[in-house]
């Protein structure tokens, strides 16, 4: 689900400190919001903010040095028409950047049309980068997934599986081996662009890991600051299964890498059988190292198949 609400007032307060901007016009339109249809169709935050452009309506329009020069570089009548056309774009907010001064006609237009206009000394490029990152996250498709989300050897790994298989205990073992916890039990996932899923912990559960028989553990307090992560990009799903499930539902050596769809993005997946005596933490780290190789374009299974093919051709040639 993608949220579709952010008001001009909320946007102003969010970046009042970082962008040091002032509200210079349209003060009565604090509840002005992004168009819901545009938000729903937007593929990323880049679609919702940019330099002044008359063919891209309904987005935050940024007015830097060149844009202000364009608005004032014609005859008085043409300048009025250029400024008046901004109303037809129905921007949720206008942002005056590069320490520019708004023409009186632009301020008057914003007051009449009740379009909020903010002014900042920051560069237009910087403002666009900041707002795109914020809007991409705010309007991202999102879901919640059950499991333990970790940073293992620098890779974002989600550990999933049936209840009672020891996911949290495995997470604790991996933390003791120097890896980091992002979230336990409930993981918030966001699609921040077309190919990237980012996961973080709900605020209520931050730094906490529940282990049966012990209870809640504050990982940050026990292991230190380096044992927790604020967020990670999801690159691998490790799914724990019982022996009978593995034999029934999965191939021993799948010809193609397994993937799982998360918010429309295919994520690499490995399945590990849980039985007494197996060191699951070592297996998970090995799976992560193998995934890192795959992401670099090195596929051990395909290399084995090719090696086997060459051996057969060599034998047939004798």
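Glycine too: its Cβ is placed from the backbone N, Cα and C atoms.
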Matching range for Swiss-Prot feature annotation, region 'Important for the catalytic mechanism of dephosphorylation', among 267-272, 273-278, 279-284: 273-278
Fewest other C-beta atoms within 10 angstroms, as judged across 161, 166, which are the binding-site residues: 166
Would you identify the secondary structure of residue 168 (ATP binding site) according to DSSP, in three states? helix
Euclidean distance between Cα atoms of residue 146 (active site) and residue 161 (ATP binding site), Å: 9
